[in-house]
Structure formats: C-alpha cells, structure tokens
Amino acid sequence: MDEEQRPLDRSPYYVKHSEHLDRVLSRPQLAGIGISGCIGGGILISSGNLIATTGSLGAAVSYVFAGGIVACVMYTITEMVACRPLTGALIDLPHTFLDPACGFAIAAMYGLGKICAMASLTANAAELTTYLKKDQKPHSTGTEAAINIAFIALTTFSHCLGVKLYGKIERAVMWFKIILLLFVCIMMVILNFGGGGRKIQGNYSDNYTKNAFTPGFKPNGYDSLGSIPLRLRGVSEDSFGISGPGGTVFAFITSITLAMFSCLGTDLVAMTAGEAKHPWKDIPITMSFVYLVPLTMYPFAMFAAGANVNYANPNLSKMWAKSNISTRSPFIVAAEESSLTALPKVLNAFFIVSAYTTANNDLYGASRSVFMLSQQYLPRRIANIFGRTNNGHTPLAAILLCSALGFLSLIGLADKSGSQPSITLSELYTGTATCINLFLCITFLRFKAGLDRLAKRRIFSREHPLYRSRLFKSRWQPLPAYIGIIGSAFVIIWSGIPPLAILVTKGSINRSSTSGTQLKSTISLLFDVIGAYIGPLFFASLYLSYKYIFPRTSRVDIRNLTVEDYVLEDLSSIELEGPTSTPPVPRHRFGSHEMDAQNDNLVSLTGMFQDPFKEEQMHLSVSMDPDMQEEIETEAARNNERARIRQILERRPERMRRGICREIWSFVMTDKD
C-alpha cells in the first residue's frame, strides 16, 4: 500500500485498522443520533424569535419552507450516501465527484460549524438552569462557568467510552425528544382550550387568529397588536421598522432564515455511515426517517405554540432588541400564563436535556469531521495524531480537540447583558451548514452526470431494478437538487440583510424619545452581520486556496468516473476487518477511453437498453479487422463488468422488502442478525 496516498485517493479504496471507525451502530442507534441532533434548542427554545418577528402563523409556515429546503437537500444526499457509505461520507462525496478542494473545505467547515453549534447549545442549556431556581435570578459568572464545564466534561466522557454506548444513549434520547415534542403540542392545545385555567389578561393575549402575521417588520418587537406607521429613518425607536405588506413579507422571509437553525442536524446520519453495522440496508431508510419525522412535526409544534402566544407578548425573545434576559421558549411563555405552576419548571428541565443532548451530537459530528480532515488533507504528522483511532476505533484525539474548542460557550460570560455570543455562534453554524448543503447538491449534479454517462455507454444505470432495490434512487431529480441549491443560496444571502439594514439606518434614529434604547448596540448588530457571512466567506477562502494556491487541484472529470466509484466492493474487505485481513487484489479500472463508444451519440438515453447487466455473447473471427476486434474486446470487457456489478448488488439486502410498517417498526426494535 502506498503510504503517501490518503485513503480517499487510493485505488482501490481501502484503509488500515487505525484509519476507519467501528461499524457497530444499528438502525435505531443511527436514527437516534440523527433525530437527537436535529430536535433541540432550535424548535424548543429559540423559536420564540420567529413568533416575535413574523407572527404565530408566519412562524409555522416559515418552518414549512425551511424544512422543505432541508428535506430536498437530504433527499438528494441520500442517493449518494447509499452508494458510498464510507467514513466521512459528506467529505468523500465532493472529493470523489466534484473537486478535492471542495472536500477539503467541507471537512474543515463542517467541523467548525458543529463546534460553534455545540458551544451555542451548551451556553443555552446552562442559561436555562436559571429558571429551575425559585427566584430565577441569573447565575453568578463562576456558577454558570462551572455548569458549562460540567456539560462539556460529561459530553467528552460519554464519547470517549466508544460509539456503541453512545449509540445506545442516543437511541433512548431520540424517543424522549419525539415524545417531548408530542407532549408540548398536546399541552399547547389543552392550554388553548382553557385546560390550564385562567390566563393572564393583556393585549398580547387577544385572539391569535386575527393576528396571524405581524403588520410589518419591527426589529425591537411589537408591544401592542395592530398596525402602526413604521419607517427606517427620522423616527424614534418605537416607530423604527418597515410597515405594510412589504414589511410583513420582509419579516416572513427573515423568519425562514431564522428557522433554518432548527432544521439543520439531520445530516449527522450521513456522518454515521462509516459506523453503521448494516450500511446498505440501514442508511437509505434511516436518512429518510430522520429528516421526515422532525421536519413534519415542526410546523405543527410551532402552530400549537403560536395558538397561545401572540407576537406582542413582552416575554418573547426579540432577535434584534436589547435584552438582559436569556432566550425564552414560547412553550414556557405559554405555560407561565396558565395556572399550572409546575409545568414551566418541568418543561425547562426537559428543554435543558434536549439542548445538551443536541450539543452532544454536535461533538460527534465535529470529531468525525476533524478525523477525516486530518486523515485526508493535513500533513502526515497531524494525521498521525488526529486522524487515527485507538484499537476500539474511537478517534480520541479528535474528540478531545473538539471538546476543548467547545469551551467557546464561555465567551458569553464576559458580558452577561445579552446572549450575543451564543447568537453569533448559531448564525455562523447556520451559514456554514447551509453553504455545505448547497455544494452537496452541486455534487449530486456531477454524481448524476457521471451515472448518465455510464448509462449512455451501457455500463450502469439508475433505472435498473437492482439500483432501485439495492441502492437508492431519488425521484424527480434534478428538481430537488435545484431547490436545495436555490433555497440554500437564498438563505445564505438573506441571513445578513436584516441586521445590515438595521445597522445602516440605525444612525438616523431620533434619540429624543424617552423610551430609552431598545435596539441592540452597533457592535452586536455588526456581529450579527459577521456571523451570517463569515462561514460562507471562510468556506470560499479554504476552497480557493486549496484549489489555486496549494496543493492546487482540478475539478473531477466525469469522463474519469467509473462504475467502481458508484458500486463498492464488500466493506469488510475495504476496511480490512472481514474474514480476510489483506487488501483486495487491485483490479484494472476502466479508463474513459475504454468506456467510450466509437461515437458518443451512438446510444441515447431515450433509446437505452432495457438491462445494462445483460450479458451478450461475443464471437471473434480470426480474419477480423483490428479496429473491429478491439471494439468487440471492449464490449466483452463491458459485459464482464456488468456481470460483476450484478453479482455485487445481488449479494446486498433488498430495501423495503418487508413492507413500510415493518421497516418503521425496526426503528423501535433492533433486527436480529
């Protein structure tokens, strides 16, 4: 084996014992990691910002749009991961099908984004412990620092014990979070029908159905219902904003970008592909389950919360308003207005667990990304530290590094007048993750183009029954990929527009008002803009420097994509952990010249063969023309390749052969081997 080549660049692809992770995760454990990484601080804690920004119904609809964008991305990624369920699949895919420079940028930024998300959620969980006290006064700096350190230490310890125990924990956490989400929805309905006793009376408790959307965009939040004239220049802070239908649309679009933070995290299943016990059988259906379940429940949960909390509620968090209190969950705000005095504390305790466990999953994603970044792209001396595992296939060095960086959660303790550091970290994560989603959708277009070319040459096809039953074919492509690209690009661009508009026009506010300063400081608004755009800028810088400065890479030519890039051999031999401990014998890969027909237009996709794996009998003549003989030999090689592909795919389990109900039940009870 060539020690100078990194795992993703070896042909055939195979790794040493210390270069891959442990394949021990069952289907419920894979789903647990994905769902627990998605349901957490976003929907349960910080979603009050959406109601204050766009109204009760607007917040629910914004989750439909944000969830739809993420669902299209995940649906697109699923087909690629089903073909290559390797360690660090989200990094391997762009490296193989798009450009190694893109793989490097994703490896670096995915880890950074997850570290920022971990720090933000850890800080949120520590802040929420304040509401468990009787007086609900903020913790002292020392106490809150100790809580943050305890959370990070517990997270690190659980990961160092190995992925098998971690998977079992997340399996239980998954059902806890799903039940919790259902519970808060039911409780909100009960409270709306008066089941919690008489509510506090006030103008913010009026019928929410008459005020489904805000009458405009008011950065410091509404303190009363109804339309008021707003302008961006020459007015007091009480009248600062955008009124009318334009302001309503502006607020709604802004809420979509805010909702993206809650919808991200389901991509963790793709990062677990290298640790799945049965990747061919479990990865495709698990990825579908993981993004469909939470993203379907989010709009209903938000609608249930908005049925009890109006956009003018003074207890809601306002994204761009100055505040001395920590982020308040809309579910907690609704519970506090009922006579069920114990309910807010119970929900707070549950939400602390939810935020902490989501941060726990972010450490998982960050450590795997650092592991692959070191192993594939960084100098060998760094790879020998952070790109290696112990004998139990646990990347301890990568885990400890990411845990240490998780102490970014402490930076907010320097100034406890607000939650700006935590907000900026979450914005950085959202921008980074959305940028990665965009490039993964672009990767799919290259992935599909390579497959279409193989189909044109009668080598391999997405339309064949074995591809559909043994791998995964996402329908209606490339439409979902284009939706993911356009939606992600729009979110990246728009995320910084609201704080930038406020920052530019804030100087013209009339300071003669006696209401005092309500908007964030200029520094805080500047950090909002930086948090929105710094992730994509970092991504572009890493990509361009790796591509054009050092080591300088070129885009993958689809003519060099062969069937071996889509149909892998047995993973136990690839990872040297099967019955044989020696690498497979390198076999000749078809070059682009060998797969080309005499004329590229000789066979079209519309008139394509029915079975790309069907063998054809070739008869050679001793007096045959050399060119014709070469063509026949090439066709014979294609037939042999098709037969080999069929044998590989037929050895794999058939997806969904037991029916949808039995497959869903397998997320509850683990299948017996």
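Cβ atoms are placed via backbone N, Cα and C, with glycine included.
Positions annotated as transmembrane segment by TrEMBL: 30-51 (among others). Within the chain, the transmembrane segment (30-51) has long-range Cβ neighbours (under 8 A, six or more residues past its boundaries) at 58-59, 62-63, 120-121, 124-125, 128, 166-167, 169-174, 177-178, 180-181, 184, 255, 258-259, 261-266, 268-269, 272, 276, 282-283, 286-287, 289-291, 293-295, 298, 301-302, 305-306, 309-311, 313, 316-319, 327-331, 333, 351, 354-355, 357-362, 364-365, 426, 667.
Annotation source TrEMBL lists domain 'Amino acid permease/ SLC12A' at 33-448. Model confidence over the domain 'Amino acid permease/ SLC12A' (33-448) is summarised by a mean pLDDT of 89.
If you look up TrEMBL, you'll see 57-77 (among others) marked as transmembrane segment.
Same-chain residues lying 6 or more positions outside the transmembrane segment (145-166) and placing a CB less than 8 Å from one of its CB atoms are 21-22, 24-25, 33, 118, 122-123, 125-126, 129, 139, 275, 356, 359-360, 363-364, 367, 392-394, 396, 399-400, 403, 406-407, 409-410, 413. Summarising the annotation, TrEMBL assigns transmembrane segment to 145-166 (among others).
According to TrEMBL, the transmembrane segment annotation covers 172-193 (among others). Distant neighbours of the transmembrane segment (172-193): 28, 31-32, 35-36, 39-40, 43-44, 199, 293-294, 297, 300-301, 304-305, 307-308, 331, 334-335, 338, 343, 347, 350, 353-354, 357; these residues of the same chain sit at least 6 beyond its ends, with a Cβ under 8 Å from one of its Cβ atoms.
Annotated transmembrane segment per TrEMBL: 249-269 (among others), in sequence order. Listed by sequence, the residues of this chain that lie at least six past the ends of the transmembrane segment (249-269) yet keep a Cβ under 8 A from its Cβ atoms are 30-31, 33-35, 37-38, 40, 42-43, 46-47, 49-50, 53-55, 58-59, 61-63, 65-67, 69-70, 74, 77, 90, 117, 213-214, 216-217, 242, 283, 286-287, 290-291, 294-295, 298, 319, 358, 361-362, 364-365, 426, 429-430, 433-434, 436-437, 491, 494-495, 497-498.
Marked as transmembrane segment by TrEMBL: 289-312 (among others). Residues 30-31, 34-35, 38-39, 43, 47-48, 50-57, 59-61, 63-64, 67, 70-71, 74-75, 178, 181-182, 184-185, 188-189, 191-192, 203-206, 208, 211, 214, 221-225, 259, 262-263, 266, 269, 330-331, 333-334, 337, 664, 667 of the same chain, all 6+ positions outside the transmembrane segment (289-312), place their C-beta atoms under 8 angstroms from a C-beta of that stretch.
Within its own chain, the transmembrane segment (396-414) is flanked in space by residues 111, 114-116, 118-120, 122-123, 126, 141, 144-145, 148-149, 152, 155-156, 159-160, 359, 363, 366-368, 370-371, 374, 385-390, 420-422, 425, which lie at least six positions past its ends and keep a Cβ under 8 Å from the stretch. Under the heading transmembrane segment, TrEMBL lists 396-414 (among others).
Per TrEMBL, the feature transmembrane segment maps to 426-447 (among others).
Feature annotation from TrEMBL assigns transmembrane segment to 479-503 (among others).
Taken from TrEMBL, the feature transmembrane segment covers 523-546 (among others).
Relative to the transmembrane segment (523-546), the listed stretch 426-447 leads the set 57-77, 426-447, 479-503 in CB pairs under 8 A. Distant neighbours of the transmembrane segment (479-503): 65-66, 68-69, 72-73, 75-76, 217, 219, 232, 250, 253-254, 256-257, 260, 320, 427, 430-431, 434-435, 437-438, 440-442, 444-445, 448, 519-520, 522, 525-526, 528-529, 532-533, 536; these residues of the same chain sit at least 6 beyond its ends, with a Cβ under 8 Å from one of its Cβ atoms.
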